[in-house]
Amino acid sequence: MLRYPYFCRIHKNFLSCWLESGIYNLGVWPKKIHATAERYNEYEAQEETDQTGIQELHRSQDRDSGVMTKLHIPVMVDEVVRCLAPQKGQVFLDMTFGSGGHTRAILQKEPDITLYALDRDPTAYAIAEQLSELYPKQIRAILGQFSQAEALLMKAGVQPGTLDGVLLDLGCSSMQLDTPERGFSLRKDGPLDMRMDGDRYPDMPTAADVVNALDQQALASILRAYGEEKHAKKIASAIIQARGLYPITRTQQLASIVAGAFPPSALYARKDLLQRPTHIATKTFQAFRIFVNNELNELYTGLKTAQKFLRPGGHLVALSFHSLEDRIIKRFLLGISMTERFNLSARQKVIQKSQLDSDQENKEGVSTGKAPLMWKLIHKKVLTPEDEDVQDNPRGRSAKLRAAIKL
């Protein structure tokens, strides 16, 4: 059923949080949930009854972590390990454990370490717990979001300024995309869910709640801000028209609605970095996923938590998969405010020159008009996957790696 109180509250919270952080100005958002929610409520109740048997089967498959682990190939493993440079006795935090590919690689490089494995996905947490049985002295599994990480780390006995390395591997994992009932992929039909936390928070809105409740202006704002979709108004209008006839509850149902807003020739007109055709609804799915999971706010909070818990000289490695994530990471590492409107590359040059001219002044926090620099970049330019890596793992084609040392 549609979660009215929570949905209204989280909708307002998202707005206030975005305006406060200044990362993106989404403009004026609606304050009321549409009356279509009532019709959706009744429809969803019947849908849940019809789908119970199928979902139980999927859940049992989801618990088979051995199978799920094989579905995810970690991206840029060698580069991640080199940037983290694990040494004997050090302590690390993998903030996006997933199926543990990067964690295993780090342990293979240096087994005599302690590694805290954090993930918001209960399936990933189950895999981390299973792996901790094989590495009882090394791995500590933690279930939670980036925004909960500080409290969870303190509870686990980790003090600020003590970690030697932190890894963030953002976006969806293959095991999430390839599990239809999670509702992340437009290629496999399933309930329109998209919650990375799974069923941990029953009142948390799903993607179906979003597309069936928000008005056209709000939907267009989400598509524009989180999907960078230039046809946001057209797609939002198509969603409004379709849900007036029937509630939108399935992934391929939403994909078909988006496709129907364009001529057939446009369905796969867009190309990815490998020049392969991509579905016209890809950006729409990205936008709703980011909104449902509050991903960009979570990322910014995660970066601040990493900075707080890393020791001076500790390494931060962040893998992103779209420009919104990379932009936040880049600005954070360069000390550029999220509200900065100057061209980023030009602004970067100003900061670098300022660092050379008055390095000591910045360190002491003397009035310079800028925050003291907190990071030294390991690489001057962002790292991307090698051609061979992309051939082996096409899903990692858009990966960007940024690494820095805390000053």
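Here the Cβ of each residue, glycine as well, is placed from N, Cα and C on the backbone.
Residues annotated as region 'Disordered' in Swiss-Prot: 44-63, 386-407. As annotated by Swiss-Prot, S-adenosyl-L-methionine binding site applies to Gly100, Gly101, His102, Asp119, Phe146, Asp169, Gln176. Taken from Swiss-Prot, the feature phosphoserine covers Ser358. Positions annotated as compositional bias 'Basic residues' by Swiss-Prot: 397-407.
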Near the Cβ of His102 (S-adenosyl-L-methionine binding site), how many other Cβ atoms are there if near means within 10 Å?
26
How about long-range neighbours of the compositional bias 'Basic residues' (397-407): same chain, 6 or more residues beyond its ends, C-beta under 8 Å?
75-76, 79-80, 83, 272-274, 307, 310-322, 326, 329-330, 333, 363, 373-379, 382-385, 390
List the residues of the same chain that sit at least 6 positions away from Phe146 (S-adenosyl-L-methionine binding site) in sequence and have their Cβ under 8 Å from its Cβ, in sequence order, or write 'none'.
Met95, Arg120, Glu298, Leu299, Thr301, Gly302, Thr305
Just checking, which of Asp119, Asp169 (binding-site residues) has the fewest C-beta atoms within 10 Å of its C-beta?
Asp169
Across all the protein chains here, work out how many other Cβ atoms are within 10 Å of the Cβ of Gln176 (S-adenosyl-L-methionine binding site).
25
Around the C-beta of Gly100 (S-adenosyl-L-methionine binding site), how many further C-beta atoms are within 10 angstroms, looking at every protein chain?
26
Largest separation between Cα atoms (Å) of residues that the record links to S-adenosyl-L-methionine, namely Gly100, Gly101, His102, Asp119, Phe146, Asp169, Gln176:
19
Within 10 angstroms of the C-beta of Gly101 (S-adenosyl-L-methionine binding site), what count of other C-beta atoms is obtained when all protein chains are considered?
20
